[in-house]
Structure formats: structure tokens, C-alpha cells
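> Questions regarding the structure given below will be posed in turn.
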Amino acid sequence: MALAEADLPNGKTNGKASGSEETPAPVQKVDMNVAINELRVGCKVHVEKDGEDRVAEILSVQMRRGNLEFYVHYVEFNKRLDERIAATRVDLSQGVIWPEPEKPKKPLSGAAKESSKEKKKNPSKKQKLTDSAATTPGANSEDVMDLDNLQVNGTTQDPDNFNRDEEIEKLRTGGSMTQSSHEVARVRNLQRIVLGNHVIEPWYFSPYPIELTEEDEIYICDFTLCYFGSKKQFERFRSKSTLRHPPGNEIYRDEAVSFFEIDGRKQRTWCRNLCLLSKLFLDHKTLYYDVDPFLFYCMTRRDEKGHHLVGYFSKEKESAEGYNVACILTLPQYQRHGYGRLLIDFSYALSKAEGKTGSPEKPLSDLGLLSYRAYWADTIIELLMEKGKQEMTIEDIASVTAMTTTDVLHTLQTYNMLKYYKGQHIICLTDSVCEKYEKMLKKRRRKVNSELLKWKPPVFTAAQLRFAW
């Protein structure tokens, strides 16, 4: 029998101290009497999407050619599905949920005020870099760590100043699945891009010059990655440009693809253009204009016109965490053709040539995580199923594949291949694993031929690795 509050000893409630009951979450009221021109940013409305009714949050309101348009994010759906819609698709008969009023800002404490004054007097290098790039949204001031004013004397937060609501607010994420992002970065700013023979609809915001955002489509050269607002400008540029491949060293070539290595310091403009292009399809990465610390490995397809970019991954020249990939992308028009897997395979081929193990930088995008998990599983299962590989430890697998032991262990646990037998853990090839291997043999997957790799690990001096050398 359940106990009522009066039945509990010492006047205590069931699981809660008296007088400390949690405040119930506010109920969002639906306003049924709203005109279409009264809608503003933050409102949640019902929208027709592919013949179905969806709840969407308005991120932007704009008049385009005399017509009212809304840029919306569909609640509980991936941000890449955000789109600009006409006012006619909004169903006001089901009501509108207004945005919650902004919370009043709390006054800063004495210590916080002093720290804020010091930051204004001595801005860090990173803040100066961010301020100089006007078109590039940076992190909020609260999220930027000022190394010059960082306290390392072991001070801790006073428990009396702990605020439960503030701590919960830090953990919340919005439709972009990122914390403390600028509102402008939530709205996709380009409608379409023309890249070679492909017309592509971007997925996310990228800080291209603001004058380009007013165009219905922009033109991007698939060799130089330069961008133009009009077709005439683009055609004039192409008639004069002679570049027909990424501006780096070709380190790999087979019958299908080539790989080029580009140094971010030596080809700043090209690499910055590559970052702008990739940001249109990556939401989880922060874009900075400092490309000097990175090497870019670009995969291309060849035809009579030249080498066309398929995808790329970047890699830090010196990674303290042992990452072999910083950012990886296959362009949308080439996805689901095995090129993403080939990029991953090439990154591990470089790690093998270096004699190191490596892992991609976290966090990965949703598509990137799926690709890596599939690659890890197929590579490990194929290795274990080979004849003569009767006994292998996790360290042996990591050494052969150039994967970290953490990634190997995670993959073995995911496929239930770790068993406890006679006082020790063993790797067991289950029936499902064997079936997966049989299916894998039937698929014709592209692989990197290490014999065709013409590359030696680059060596950099301490001066070359320094900021802005």
C-alpha cells in the first residue's frame, strides 16, 4: 500500500523534504487568435510537410519579392531538414505557441566584474582573431577560455552560490544540437550552390560573404573552390583559370581516384574556401580561418577536364591526442558510393605508414559516426576471419589495423564478440559475425592499395608548428 504524506515519519514527504517541492514545468499555452503577419522568431506553428502535419519553430521571418517567408526548424528532426517556406504552408487553425520571455540578466558578482574588466584590457589572441573575421561567427564570450586570465590556484565554486536552474540551462541544446550558438548560424543562408555539373541544396549555415546570401544560387569553381554571385562572373573566371587539380602533391593514384596532400599554410586561400564549402554540410564543427596547423587530404575523380573534388579529410600537423582525422566529408553528390569508406581507409593507411595508431577527432557527425562504426566492424571481422589468425589480442588487432585499442574494444563489445571463458576474456566469432563476413565478401568495396601510396610522413620543426609562423 502506498504511503500518503501524513503517514511518513517526522513530517517528511515521500522522497522530498517539506517545503522543497519542485516547481512544475510551465505549461505552454496555445494562442488560437493569431494573424500570419504577427508571427515572429521563436514561435512554434503547425506546418504542412510532404503531406503531413509537422510542428516547426520559426527561426527567421523575411519578405522576399513581396511575399512573406519563414525559415523553420522541424521539432525533433535533424537540422539539415530546415527549410524556407511560404506563408501559405502555415496552419494557424491549430494555434501558435509563443516563445518564452527572456530571463532577466543577473548582476555580476565582484570577482566576475573584475575578471570582465581584465578581459577588456587584455584581449587574448584568439579573441582578436575572431573579431578580425567579421563574417565568421565565433563562440560567445562566456564559452571562450581566456588563457591569460585563467585561475589555476585551485579555487572552487562556493556551494552557496550554486544555482540549480543555471546548471540545467548549461546542459540544454536547441534545434541545432549545439550549445550557445549564434542565432544567425541557425539559419541556412544559401539557397543553392552550383558546383561543376551539380546543383546542390546546402544543409547548414556557412559564413560566405553576406552579398552572396541574397542570390538564388551561387557558383563555385570545382577546381579552385572560388565563389561567385553571378554566372557571368563565374564563366569569365573559368576562361582565365588554369588550375585543374587541388594545389598540392598527388600522393596516391589508382584507376578510379587520386589523393592530394595540401599544406594549409602554403595554400591558405584554397583551404579556407574548402572549409567554407564543407561547413555547408557539417553542423558539428566550428569554422576558423586559421588553416595553418592542418594538412588536407583531398580525394578526386579524373576526367578529360581535370581532377574533380569528391571528398577530403583534414589532419593536425601535430596532434597531442593522437587523432588521425580532424574533419572528414564526402560531398553530397558522391555519398552512398563508397567514397566515405575510402577516405577513412586512406586515413588509416597514412597512420600505418607513420607506424602509429589513430582515431578520428570527436565529436563525429551522425553520418560520420555510422561510417566509422561500419568500417571498424568490417575491418576487424575481416582480419579475424582470415586463415591463420587463430589467436589475436586487442593490441595485435590495433597494431595491424592502426586503430586505437579503445576503438577496437568498443567494436568488439558492440558486436558481442567479447566473452568470459575459464577466467579470462576471449574474442568469439559468433554466428551473426560469420554471416556478416559472408555478406561482406559479396560486396565489391573500394580499398586503398598501399603499394600505390607515394608518401613519407612530413616532419615539422617547433618553429613551423608555432601559431601563424
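Here the Cβ of each residue, glycine as well, is placed from N, Cα and C on the backbone.
Grabbed the feature section from Swiss-Prot, which reads as follows:
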ACT_SITE  E361  active site, proton donor/acceptor
COMPBIAS  11-21  compositional bias 'Polar residues'
COMPBIAS  118-127  compositional bias 'Basic residues'
COMPBIAS  130-139  compositional bias 'Polar residues'
COMPBIAS  150-160  compositional bias 'Polar residues'
DOMAIN    39-92  domain 'Tudor-knot'
DOMAIN    185-457  domain 'MYST-type HAT'
MOD_RES   K285  N6-acetyllysine
REGION    1-26  region 'Disordered'
REGION    98-163  region 'Disordered'
ZN_FING   218-243  zinc finger
> Could you break down the residues of the domain 'Tudor-knot' (39-92) into DSSP helix, strand and coil, giving a count for each?
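Counts, helix then strand then coil: 7 helix, 33 strand, 14 coil.
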> Determine which residues of the chain contact the zinc finger (218-243) at the Cβ level, with the cut-off under 8 Å and only residues 6 or more beyond its ends counted.
190, 192-196, 208, 211-212, 270, 273-274, 276-277, 306-309
> On the DSSP side of things, how many residues of the zinc finger (218-243) fall into helix, strand and coil, could you say?
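Across the zinc finger (218-243), DSSP assigns the residues as follows: 10 helix, 5 strand, 11 coil.
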> Does E361 (active site, proton donor/acceptor) have same-chain partners at least 6 apart in sequence with Cβ under 8 Å from its own Cβ, and which are they?
E321, Y323, V325, A326, C327
